[in-house]
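Everything below concerns the one structure shown next.
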Amino acid sequence: MALLAYRDKHILSAQQLRKLSEHKYSCFSASLLDPLLQPWWNWLVAQTPLWLAPNLITIVGLILNVVTTLILICYSPNGVEAPPRWTCLLCALGLFIYQSLDSIDGKQARRTNTSSPLGELFDHGCDSISTVFVALSACISCQLGHYPNWLFFQCFCAIALFYCAHWQTYVSGTMRFGRIDVTEAQFSIIAIHLVSAALGPEIWLTKIPIVGLSWNYTILVFITFGYTLNIINFLKMFTQGGSGKNGSSVAGTSVLSPSIPLTLVVLPALMIAQKSPQNLFTEHASVYIMAFGMVAAKVTNKLVIAHMTKAEMEYLDWSLLGPSLLFLNQYFNCIVPEIWLLWFTLIWGTQDLLRYCAQVCLEICQHLRIDLFRIPYTPKGATQHPATASVSSQSNFGSSADKNGGSAHRKSKSKPH
């Protein structure tokens, strides 16, 4: 029955669709690297064909990022075995391509006059998935599997901070980026992959002279410092209050309400990992991170939709079925092998996320009368058909210049990945 949950009912109400049409993208950034990379992004988008849909650019980047990470995981599923150097180089290349494509999709939308709230939502949705794989690939590349607790901390901090960035947006109505934020984190991870490719992943386990700590501990210090800066910026939200009535969120709800879905993901993940009699996380780290990462991506997407439609967020979700079964199984002394339920959590969470995103995109496309991966395009010298011109006009909902002169389709640089 759950598999058919979206077939007979709409996810978005008529009021939410109306609010979505009125949504305007608002963003503030103090990023150090973004201004330096603008010439590269501007050149790249200038080489992009006008017929290429922005959402297609986004999804191609995500697929490359996911595939290169899965190759790395195949050689080092727990971050303990040293993966071949070429897999680290492949991850660096995949992340660079993803970062570049993720930076020009909004520019392409503005360039082709096809900006829409769907573009912003699709971009955030892809980023929510990418966060899981980027964080995991970085931990594997620097051999963090030798320290399972640190591996857990780093991956779930990345996932949680991405959620918190959208939590802050849900409260204030504006997405804010600090001086050291997503772009800086992405290039730091690219550097980690390149070092592993050049010197071998084993380099991270060697001791630093005099200090006596391994090099991957140094990486942990810098990443944790970046996390701390993001957390401080996030906590400022509570002192400033929300943009809604009486300091509430944009939907008029409590600024603390988004903490419930996040807690329902992170807390069970921590408890299950710590209490597993079969050392589930230590023995199957990558599967564990991906399984709970898909659940986190689902609730993050629901938070993004709640922000863009100014609606109250639902707390319970079908994606929590897998973690619930893992928790209950431990409560009853593991009557089912935990690894079976972990794979079920991954498969269930992945299909639930994909079905949900597909249904939401379908409903928005029907409402705005646009296509997801195709845009109206008239070759030079040809006359545009009136019907096509009408669709092009209708697809320009929510167009607003971003911090770099992009559009509402501009990327969500809101997490360390």
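Backbone N, Cα and C atoms are what each Cβ position is placed from, and that goes for glycine too.
Of the listed segments 122-142, 185-205, TrEMBL assigns transmembrane segment to 185-205. Listed as Cβ neighbours of the transmembrane segment (285-305) (distance under 8 Å, sequence separation of 6 or more from its ends, same chain) are residues 12, 16, 73, 77-79, 121, 124-125, 128-129, 131-133, 135-136, 140, 145, 148, 151, 155-156, 159-160, 162-163, 166-167, 170, 258, 261-262, 264-266, 269, 273, 311, 313-314, 317, 319-320, 322-323, 342-343, 345-346, 349-350, 352-353, 356-357, 360. Under the criterion of 3 or more C-beta pairs below 8 Å, with sequence separation of 6 or more, the transmembrane segment (217-235) and the transmembrane segment (147-165) qualify as touching.
Using a cut-off of 8 Å between Cβ atoms, the transmembrane segment (82-101) and the transmembrane segment (255-273) share fewer than three residue pairs, counting only pairs 6 or more apart in sequence.
Between the transmembrane segment (255-273) and the transmembrane segment (147-165) there are at least 3 Cβ pairs closer than 8 Å, counting only pairs 6 or more residues apart in sequence, which means the two stretches are in contact.
Through the fold, the transmembrane segment (50-75) approaches residues 81, 83-84, 87-88, 90-91, 93-95, 97-102, 104-106, 108-109, 111-112, 114, 118-119, 122-123, 126, 129-130, 133-134, 136-137, 140-141, 286, 371-375, 377, 409 of its own chain, all at least 6 residues removed from its boundaries and within a Cβ separation under 8 Å. The list of residues near the transmembrane segment (185-205) in space but at least 6 beyond its ends in sequence, with Cβ under 8 angstroms from a Cβ of it, reads 33, 76, 82-83, 85-86, 88-89, 91-92, 95-96, 99, 134, 137-138, 141-143, 146, 214-216, 219, 222-223, 226, 415-417.
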